[in-house]
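Here's the structure we're looking at; comments come further down.
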Amino acid sequence: MDRGIDLQGTFIQSLESLGLSPGLSKVLWMPLPMLLMIIAATVGVLVTVWLERKISAAVQQRIGPEYAGPLGVLQSAADGLKLILKEDIIPAKADAFLFTIGPALVVIPVFLSYLIVPFGQELIITNVGAGVFLWIALSSIQPIGLLMSGYASNNKYSLLGGLRAAAQSISYEIPLALAVLAVVMMSNSLSTIDIVDQQSGYGILGWNIWRQPVGFIIFWIAALAECERLPFDLPEAEEELVAGYQTEYAGMKFALFYVGSYVNLILSALLVSILYLGGWEFPIPLDRVADWIGVDPANPILQITTAALGITMTVLKAYLLVFTAILLRWTVPRVRIDQLLDLGWKFLLPISLVNLLVTAALKLTFPVAFGG
């Protein structure tokens, strides 16, 4: 299989050809993908916020943002600049250290999770063998920051919001992990690159959504609950808790919570596209299209085109899921806290366990179709 364009290897070899040592070349390479990751995720947040406002306005037969740039595309940037310039206030009776570190613990693990998200064969920051496990481990840190923020605010609404966030995250983390384990079992690997490779070769018919329809639904529901999207936004329910754990926050700290929420939503959509929708793979395999038109797979122009189309396909699949999440906000009413916990513990958890056992049985019975 063509491994695509190795950006890291090409960059390091170029620096070595200029006379730099291999160690120094790697040191110069390391900050570049991380900086690109932060910039791309931030731009993705601005685009998602603008899309949510426009789609929400269309659902309600409104216009939405209109004056800040063409079609209001700069409204999100203007709001972000406003929050950056606002005064940073710490309540007099709050724990200043925990109050400050809480938003950082919410945002940093989400950004670090992008390390294992591939956009192509070699278009990944770090292809660790246990990439999926790393993401699950990082996602378990976020509830600590939410609970810490609610506790440190010394406010009853903030504390209740933090407790709700922790309970919600713990309830849905287990079904989420079990749904991922079923995919890992079929691909025989925890690497996100290997999971996409396992879905290649047969086009849309090889995607995991056909072999794991139940796991796909469980993962997406649990991911929306982890992102605290409606109908699962109980930790910040305005009618009940003012703004939940965000009540006492202002300025940049307040913005970090929203950035973390939207970055997490985009991350969840990207992971769904990688785990269940073939990642960068097209519905019709591009290598077969190249054979039909008689193009050499080693052609550099074809490799560049394939890499660009792979990135586009991954992002399009992710934003299709983001679109469904935005529509759900205006379609499904908010659930009660008891309904939320019942859905996680009494419904999704048993179904995810049964799905894992059925996947194991199918893997033994039909090893060719289920990755035996």
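In case you wondered, yes, glycine gets a Cβ from its N, Cα and C as well.
A Cβ distance under 8 Å defines the sequence-distant neighbours of the transmembrane segment (27-47), meaning residues of its chain 6+ beyond its ends; these are 8, 11-12, 15, 20, 76-77, 80, 111, 114-115, 125, 259, 262-263, 266. According to Swiss-Prot, the feature transmembrane segment maps to 27-47 (among others), an assignment based on sequence analysis.
Only residues 6 or more beyond the boundaries of the transmembrane segment (97-117), in the same chain, are considered here, and those with a CB under 8 A from a CB of the stretch are 37-38, 41, 90-91, 124-128, 131-132, 134-135, 138-139, 141-142, 144-146, 148-149, 151-153, 192, 245, 248-249, 253, 256-257, 259-260, 263-264, 267, 270-271, 274. The feature transmembrane segment is assigned by Swiss-Prot to 97-117 (among others).
Per Swiss-Prot, the feature transmembrane segment maps to 128-148 (among others); the stated evidence is sequence analysis. Long-range neighbours of the transmembrane segment (128-148) within the same chain, counting only residues 6 or more positions beyond its ends whose Cβ lies under 8 Å from a Cβ of the stretch, are 98, 101-106, 109-110, 112-113, 115-116, 161-163, 165-166, 169-170, 173, 176-177, 180, 184, 189-193, 195, 226, 235, 245, 260, 264, 271.
Below 8 angstroms of C-beta separation, residues 116-118, 121, 124, 127-133, 136, 208, 211-212, 215-216, 218-219, 222-223, 226, 274-276, 278-281, 349, 352-353, 355-356, 359-360, 363, 370-371 of the same chain, each at least six residues beyond the ends of the transmembrane segment (176-196), sit close to that stretch. Feature annotation from Swiss-Prot assigns transmembrane segment to 176-196 (among others).
Under the heading transmembrane segment, Swiss-Prot lists 204-224 (among others), citing sequence analysis as support.
The annotation transmembrane segment is assigned in Swiss-Prot to 254-274 (among others) on the grounds of sequence analysis. Here the transmembrane segment (254-274) has Cβ contacts under 8 Å with residues 41-42, 44-45, 48-49, 80, 83-84, 103-104, 106-107, 110-111, 113-114, 117-118, 135, 142, 149, 192, 195-196, 216, 219-220, 223-224, 226-229, 245-246, 314, 317-319, 321-322, 325 of the same chain, all six or more residues outside its ends.
Summarising the annotation, Swiss-Prot assigns transmembrane segment to 308-328 (among others) and lists sequence analysis as the type of evidence.
According to Swiss-Prot, the feature transmembrane segment maps to 347-367 (among others), an assignment based on sequence analysis.
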